[in-house]
Amino acid sequence: MDVIESLHSRSDDTTPVPRHVAIIMDGNGRWAKARRLPRIAGHKQGVEAVRRVSKAAREQGVEVLTLYAFSSENWRRPEEEVRDLMGLLRHFLKNELKDLVAENVRLRVIGDYRALSGDLVAMIDDAIAKTSVNTGATLVIALNYGAQAEIVAAARRLASAAQAGEITADAIDEAMFSDALTTHGLPPLDLLIRTSGEQRLSNFLLWQAAYAELLFVDTLWPDFDAAALADALAQFGRRQRRFGGL
Ligand code: FPP
């Protein structure tokens, strides 16, 4: 280890393992295309990666893993692909629930998931309810999520509270605003990973990413595994987080 590196790891600000990791799971389509397979085959492998990586994250000590499964912009995809993604989600919820319960994992969903079909909404509500007493890690799935809409909804909620005289406008600060977001109560986002070489946030956790470390990796999401996560966490451990200080 060189001098700079050892100084970094001795800094009090350095979190050895990020408490909260978020992933923009990108590259399913390209994974399939490279194999001359339909896009759905890439998404299926993407679900396998979700299983593998969420288990690995727990084993590697991550408290909260937030996954971008369906953005509010993803409705623009062909109808058939949207239907396939919803089918995979249905399958995932059905199969994964008992493991989440057995492994003491709490499930949370962010985004306007109530706009999904009725049976999915019921399955999601059931999974959230059945895992709400769990005390281990938290798996957060972003469904029909868009960060700008989340921020606008928080602003509206606070404006209504102010209008109703429940709070004063002056009382609104960063902490109150954070509490009005769908991620309220979760630890601050430490590390945001995007797979497949794209370097954009794509309307994901814009407020929450304020001080997060960003990591863009070339691996396509279906190929992401425990070793890739361990590598990402190691890279995080080597970053010097200053939070605006020196
Ligand atoms: C991006 O790949 C991936 C998505 C839009 C969906 C992510 C969904 C999954 C991994 C499966 C469903 C998740 C759960 C939790 C059941 P892309 O299609 O944009 O890939 P491309 O950029 O290579 O075309």
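Every residue, even glycine, has its Cβ placed from backbone N, Cα and C.
Under the heading active site, TrEMBL lists ASP26. Annotation source TrEMBL lists active site, proton acceptor at ASN74. Under the heading Mg(2+) binding site, TrEMBL lists ASP26, GLU213. Residues annotated as substrate binding site in TrEMBL: 27-31, ARG39, HIS43, 71-73, TRP75, ARG77, ARG194, 200-202.
The 6 Å Cβ screen around ligand 1 retains ASP26, GLY27 from the recorded positions ASP26, GLY27, TRP75, ordered by sequence position.
TRP75 (substrate binding site) sits 29 Å from GLU213 (Mg(2+) binding site), taking the Cα positions as reference. Checking each of the recorded positions ASP26, ARG194, LEU201, GLU213 against the residue listed as 'active site, proton acceptor' by C-alpha distance, the shortest gap belongs to ASP26. Of all Cβ atoms in the protein chains displayed, 23 besides its own lie within 10 Å of the Cβ of ARG194 (substrate binding site).
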